[in-house]
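J.: This is the structure I have questions about; it appears just below.
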Amino acid sequence: MPKNRTGRSREAREKKRKEEEEEIEELNSQIEALSETVDHFAELPLTQPTKSALKNAHFITLTEIQKQCIPSALKGRDILGAAKTGSGKTLAFIVPLIENLYRKKWTSLDGLGALVISPTRELAIQTFETLVKIGRLHSFSAGLIIGGNNYKEEKERLSRMNILVCTPGRLLQHIDQAVNFDTSGLQMLILDEADRILDMGFRTTLDAIVSSLPVHRQTMLFSATQTKSVKDLARLSLQNPDFISVHENDTSSTPSNLNQFYLTVPLTEKLDILFGFIRTHLKFKTIVFLSSCKQVRFVYETFRRMRPGISLLHLHGKQKQTTRTEVTAKFTSSRHVVLFCTDIVARGLDFPAVDWVIQLDAPEDVDTYIHRVGRTARYNRSGNALLLLLPSEEAFLKRLESKKIAVERINVKDGKKTSIRNQLQNLCFKDNDIKYIGQKAFISYLRSIYLQKDKDVFQLDKLPVEAFADSLGLPGTPKITFGKLKNHSQSQKDYNSSTSLDSSEESEVDVENKQNVRTKYDRIFERKNQDVLAAHRQRLVEVNSDEDDGDFLQVKRVDHDLPEETGERFNANSKRKEKMASSKKAMLKYKKSADKVYFDDEGNAIPFYAMNTEDTFQKAGDPAALIASHLAEERKALEKADITDKETVRQKQLEKKRRRQELERITQQDATPDEYVPEGPIVAFVDDELPETSKKQKKWFEDNDERDHGGIVEVENLNSLEDQEALALKLMGAA
């Protein structure tokens with residue numbers, strides 16, 4: 001029997017293997033013959049598990065980028081794809097990734113087969129979720145490695161992964177430190193938002209990653225604003241790539257169903273316009289972009305305290321990864337909410353049903369503008385975008401026209417404007433932390449303007465700095481100095497490449513910082529001024545500023561008119577007298593008794609036990625009238641106290657009655673201590689000594705029947721030694 005079972009199992013495995021080989025051969029032949037574009041996923045030469053997963057996820061019709069990319073990617077060609085935001089680029093590389101590994105018979109023993117690199121953690125998480133949704137019926141193992149997660153757990157599971165979705169910094173860390181991480185068998189490399197990964201912020205990181213990957217592989221690059229630089233393509237070793245740009249000939253670089261507006265507003269009225277917009281759009285889902293983390297936090301904290309009537313969220317790169325994931329999930333599931341964020345949300349993230357995208361601060365270039373407004377009007381859904389420009393930033397409109405982006409000018413009626421300057425001043429006055437955050441937001445905004453590359457648009461010298469500080473509610477203008485940078489051009493590149501996406505992007509700077517590991521004790525001893533604010537806060541405002549009210553406990557008077565001690569100094573002739581003179585207890589008999597005094601409003605000392613003179617007593621009135629009035633006041637006080645005492649006694653009696661009734665009810669129900677354990681005030685009425693119900697546990701050889709057998713021991717069978725020993729123990733127990 002076992003031989004036949006084994007034979008059938010081997011035959012079944014061989015049959016299944018032949019069927020898979022025949023299926024793969026048929027798929028390869030269909031892919032080679034694929035020439036016409038198809039409109040539905042069911043018409044593509046895909047495996048049945050992939051088709052079922054696509055159908056269950058309600059992916060039926062192909063988008064333009066998917067029609068052109070998927071057939072070429074299935075044939076193993078390198079691809080450079082560009083399409084508008086919200087056009088389905090993620091699915092355009094997820095489907096070929098799964099199918100190509102399946103046709104190559106990739107298993108867990110073959111190691112890493114595909115690598116997907118995303119510039120931000122949130123985009124990597126979203127890509128991984130899509131991968132799991134489409135490939136859940138296949139047997140591949142997939143992993144997500146991003147900054148903020150446990151490095152040791154990732155390192156242990158890394159060798160078993162076939163597909164990895166990652167950020168550049170964490171991937172390079174594993175390549176340098178993980179011994180079991182082998183990339184020699186890599187088949188596919190995919191760069192999502194490739195133009196962002198290829199820029200200066202990830203230059204050394206990407207070069208280090210590519211140098212450890214095999215040259216012969218399939219490479220695919222996707223973005224809404226794609227690069228065609230020969231130098232960048234040579235870095236990635238692309239071999240005759242297919243340039244696919246489905247919207248290159250369109251009249252606009254943004255979706256046609258996106259309504260785009262701009263508003264010219266002074267710097268001092270930006271927050272007023274934003275708060276008024278939120279108050280009038282309570283039934284919408286809105287994203288507000290700002291240029292720095294400090295600005296995001298200041299606007300969120302102040303608006304949250306002013307309660308505009310809608311849920312507020314904030315997201316920036318300085319938050320922990322768990323917080324960022326929770327905020328992203330909450331914003332995705334909410335219908336009416338406002339999200340204040342930096343550019344970590346600008347690329348690739350797919351938030352459903354976003355109605356408005358507001359750019360409170362102008363983007364650094366047109367590509368950033370396209371990615372920002374791409375968070376709305378996705379998948380043929382309508383959306384709205386509003387750009388707030390300063391009068392000195394109107395040159396940015398020419399940059400938009402050069403990329404075929406038309407925006408409509410709107411104006412705000414004076415009657416609709418509401419100033420929140422007084423409220424911001426009140427918040428900064430009451431809360432020192434809000435004032436500190438506002439000062440940091442002020443500095444970070446000016447720093448971002450100073451480090452921008454396009455000086456025709458961003459002009460720091462034309463900004464009303466003092467009026468801007470006043471509009472934030474600050475008591476004074478913080479000091480800010482722009483020192484001479486050693487390498488100004490490099491600093492601009494670093495700022496535009498790394499700070500625009502904050503610390504969420506895993507740039508090479510992050511990787512270098514991770515090499516210098518600090519222990520928990522190092523961080524504890526490095527802490528300063530934990531109970532108030534950071535040490536550098538004092539340098540934000542002029543020390544002699546008359547408007548600064550943040551200092552608590554200031555010296556008002558330096559020299560006091562204190563009476564000087566007169567008299568000769570006591571000179572002791574012996575050590576005993578000197579010791580006695582230094583003893584307070586011994587010197588008390590030489591000092592007069594202390595007088596208890598109190599001070600009036602003018603600071604005059606008045607004896608506490610000063611006796612009234614006869615004149616003052618006569619001025620108070622007739623003694624009999626004083627006695628009568630005093631007795632009347634005391635009588636009223638006693639009557640009030642009597643009412644309170646009666647109510648207290650009444651409540652105690654009611655509580656005692658309630659306890660007694662509760663105890664009677666428990667007694668009537670015949671509740672045992674095992675069934676009911678009284679709690680609260682009832683415990684006082686229950687005896688502490690409760691009868692024990694548990695009995696001594698019987699041994700294995702004792703009879704479970706509690707009835708008396710009268711000393712009779714029943715014997716059934718004594719064939720074994722164990723039975724005889726059991727009988728002897730029973731007889732001994734009966735005796």
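Glycine is no exception: its Cβ is also placed from the backbone N, Cα and C atoms.
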J.: Among Ser253, Ser491, Ser503, which is the one flagged in Swiss-Prot as phosphoserine?
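T.: Residue annotated phosphoserine in Swiss-Prot: Ser503.
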J.: Name the residue among Ser498, Ser504, Ser694 that Swiss-Prot annotates as phosphoserine.
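T.: Checking Swiss-Prot against Ser498, Ser504, Ser694, the phosphoserine entry points to Ser504.
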J.: Quickly, which of Ser256, Ser500, Ser507, Ser720 does Swiss-Prot have down as phosphoserine? Just give the residue.
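T.: Cross-referencing Ser256, Ser500, Ser507, Ser720 with Swiss-Prot, phosphoserine lands on Ser500.
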J.: Annotation phosphoserine per Swiss-Prot: which of the candidates Ser52, Ser245, Ser545 has it?
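T.: Checking Swiss-Prot against Ser52, Ser245, Ser545, the phosphoserine entry points to Ser545.
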J.: Of the ranges 192-195, 292-295, 324-327, which one does Swiss-Prot list as motif 'DEAD box'?
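T.: Within the set 192-195, 292-295, 324-327, Swiss-Prot attaches motif 'DEAD box' to 192-195.
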J.: Long-range same-chain neighbours of Gly86 (ATP binding site), Cβ under 8 Å, sequence gap at least 6?
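T.: Same-chain residues close to Gly86 (ATP binding site) (Cβ under 8 Å, separated by 6 or more) are Pro255, Asp350, Gly374, Ala377, Arg378, Tyr379.
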J.: Hey, for the ATP site built from Ala83, Lys84, Thr85, Gly86, Ser87, Gly88, Lys89, Thr90, who else sits with CB inside 8 A of the CB center?
T.: Thr63, Ile65, Ala224, Arg378
J.: Cβ-Cβ under 8 Å from Thr90 (ATP binding site), same chain, 6 or more residues apart: which ones?
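T.: Non-local contacts for Thr90 (ATP binding site): Gln126, Thr127, Thr130, Asp192, Gly348, Asp350.
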J.: Of the residues in the motif 'Q motif' (39-67), how many are helix, strand and coil by DSSP?
T.: 16 helix, 2 strand, 11 coil
J.: Under a three-state reduction of DSSP output, how is Ala83 (ATP binding site) classified: helix, strand, or coil?
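T.: The three-state answer is coil.
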